[in-house]
């Protein structure tokens with residue numbers, strides 16, 4: 001990677017050194033870190049000596065230092081639905097939530113199915129400067145499920161797309177799915193599948209089970225997810241490609257993925273924070289804030305997902321952050337849009353569901369929120385160890401903090417948080433993105449200035 | 001009781017109060033002057049997003065017999081096709097000072113949404129929501145059954161429960177709000193409920209319901225039910241492969257002349273046949289069964305007005321003898337304090 005060495009801009013904040021004192025590295029021993037020129041320059045007792053006189057000192061006693069979180073699954077809504085979210089507002093929310101990289105899903109309007117659209121989103125991300133914004137390319141033209149989009153053009157664009165997904169819609173045609181899996185091998189891409197058999201889920205409103213039977217809402221059966229995952233892992237095996245399964249939601253899906261991994265199939269899987277905590281019992285309120293796709297499942301599913309994330313069957317946490325304007329939720333259940341916000345609550349929910357239950361330590365947290373998603377998305381400068389010479393994408397977390405979720409104060413435009421009113425642990429105190437503090441003292445600081453060369457298009461993008 | 005949204009959250013005590021008041025209302029219906037001044041000056045809005053002449057007329061008659069002012073708001077089709085949201089419609093009614101909103105809506109949960117949203121202050125009465133519930137239909141069915149049960153016993157209806165009664169509900173339970181409301185209410189009142197229908201038309205999860213399920217109607221009839229409630233079948237379900245043909249459905253799950261004769265053969269002289277209407281004669285019920293002395297179809301319609309009068313009266317007259325159990329909301333959104341702990345639906 002090339003670091004930010006924009007000539008002549010001595011006033012840029014990234015030119016400042018940051019000396020972090022006494023942070024617990026991945027929840028282990030406390031150490032000092034010196035951040036300079038976009039890199040972690042020194043880790044250890046000599047950091048203070050190495051710092052220049054003008055270095056900004058951050059007292060991190062009691063805080064945990066973690067690699068910046070990487071989200072494989074974010075809906076930024078731009079272009080097309082800027083009333084719901086923009087790259088700017090979504091990436092602000094991401095920085096506050098402890099992310100240094102997010103993947104913008106392709107279901108914008110126009111759909112991100114050409115090099116032009118993914119480059120637009122990529123440039124908007126660079127201009128915003130709060131996190132690294134990596135566009136996801138659509139698998140099929142217009143998410144139509146008929147013809148492959150120009151995956152190669154997107155891969156070779158300045159956005160250098162590696163993750164392709166029709167998320168929101170399943171690539172249900174088995175031949176098309178097979179071809180997509182095969183084709184992306186040419187540029188080390190991955191197909192991120194939204195596993196939902198369409199015929200089995202026509203008009204589906206919630207998990208099919210005891211609660212849907214009582215509420216009279218059309219069921220979304222677990223088998224509609226599991227049957228597609230079973231097919232896809234076999235396709236991935238057959239063509240020798242890699243598959244990523246988005247938002248796994250059922251205990252049965254976990255079993256299939258566990259089986260596939262045991263067979264050596266190159267499959268990775270993702271779970272959302274909300275599927276790690278919430279169940280379909282909440283739908284009894286008919287409050288559409290709990291409407292999401294795939295739907296909230298049962299308590300048994302929640303426990304199976306947690307166990308799978310702990311034992312590595314599920315590789316990553318992806319937020320599926322899906323902001324909606326309030327009118328899309330202030331209506332009857334069947335009319336309401338599906339989706340929940342998640343960027344600003346992900347860390348706390350995962351801490352609550354996984355760390356405080358003893359299922360993961362902070363190193364494990366870093367694995368599922370940063371290391372593994374960066375590897376899947378092929379972001380070589382993200383999810384790195386907190387060691388000298390590594391890119392300074394890291395966060396400082398106060399694990400002892402407690403806060404009550406209030407969607408009206410969030411940076412995202414979406415107010416549709418299912419965690420409203422819930423007291424959660426953990427607070428992001430600082431986020432460093434390529435050495436630049438986007439969040440300090442738990443509040444937004446300043447965005448990182450985009451390297452001039454990458455904006456003009458005369459030089460390769462900084463992170464290719 | 002602030003609202004009447006479902007029978008699942010209706011306590012036995014409040015259900016019996018509703019039925020007892022309905023008996024008093026029925027007595028008013030026998031008088032020469034069938035009108036009470038109880039709700040004079042109050043406004044009841046019938047907000048119907050689905051066509052339903054029968055239910056609307058029944059509610060209208062009920063409100064008028066209690067001297068309430070009635071506004072009929074027929075938002076035919078969905079709220080969205082009108083380009084107006086449920087919220088805007090509700091707030092329009094609020095601005096007109098509605099005291100009660102009787103709502104029929106194709107979306108399950110729309111009345112609950114209206115009641116919990118804070119968009120309006122009016123009492124909300126669910127007149128049928130999607131495939132969720134139709135509580136006043138179940139109340140009128142229970143009222144009809146209770147009169148029958150008390151008469152056999154030689155006791156007055158008021159105060160009686162349905163203890164010991166066996167009620168068989170037959171047909172498309174999956175899509176039936178009438179079936180759901182009846183399952184909860186009849187079991188709350190002490191009856192034993194049996195369900196019979198094709199497996200495709202029984203919901204996944206029915207195993208958790210407090211009833212026995214039969215796939216064969218004749219096996220269910222062999223349990224000697226005291227009442228058989230036939231559900232309306234929408235013929236278009238056939239197109240979604242719920243069953244192969246209406247003829248096959250009719251043979252296996254229709255109450256035909258043969259099954260009518262079977263009741264006589266079995267000596268079930270007091271077993272009644274119910275139907276919420278409108279009937280598909282020759283499909284789920286034969287004409288002979290619908291018109292037989294066992295049929296309670298017309299009594300059900302008549303009792304509907306009494307039950308709806310009772311519901312509107314109890315909701316709007318500041319009922320002081322409420323069952324406090326019903327005042328504990330099940331909706332977690334109403335209990336922000338509990339969200340901090342681990343309410344149902346959030347796995348600890």
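FYI, residue positions are counted from 1 along the chain as it appears here.
Every residue, even glycine, has its Cβ placed from backbone N, Cα and C.
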For the Zn(2+) 2 site that TrEMBL assigns to A:167, A:247, which of the candidates A:194, A:238 is also assigned?
A:194
A:303, A:324: which one does TrEMBL list with A:75, A:76, A:77, A:107, A:293 for the substrate site?
A:324
Check TrEMBL for me: it has A:73, A:75, A:167 binding Zn(2+) 1, so pick out which one of A:311, A:315, A:320 it puts in that same site.
A:320
Separation of alpha carbons, residue A:320 (active site) and residue A:247 (Zn(2+) 2 binding site) (Å):
8
Rounded distance in angstrom between the Cα atoms of residue A:324 (substrate binding site) and residue A:75 (Zn(2+) 1 binding site):
10
Select the closest residue to residue A:167 (Zn(2+) 1 binding site) from the following recorded positions, measuring between CA atoms: A:77, A:107, A:293, A:320.
A:107
In the structure shown, which of the binding-site residues A:73, A:75, A:77, A:107, A:167 has the fewest other Cβ atoms within 10 Å?
A:107
Neighbour count, 10 Å Cβ-Cβ cut-off, for residue A:320 (active site): what number do you get?
31
Any same-chain residues 6+ apart from residue A:194 (Zn(2+) 2 binding site) with CB under 8 Å of its CB? Would you list them in sequence order, or say none?
A:165, A:166, A:167, A:168, A:169, A:170, A:171, A:246, A:247
Nearest to residue A:73 (Zn(2+) 1 binding site) in three-dimensional space, by Cα, is which of the recorded positions A:107, A:293, A:320?
A:320
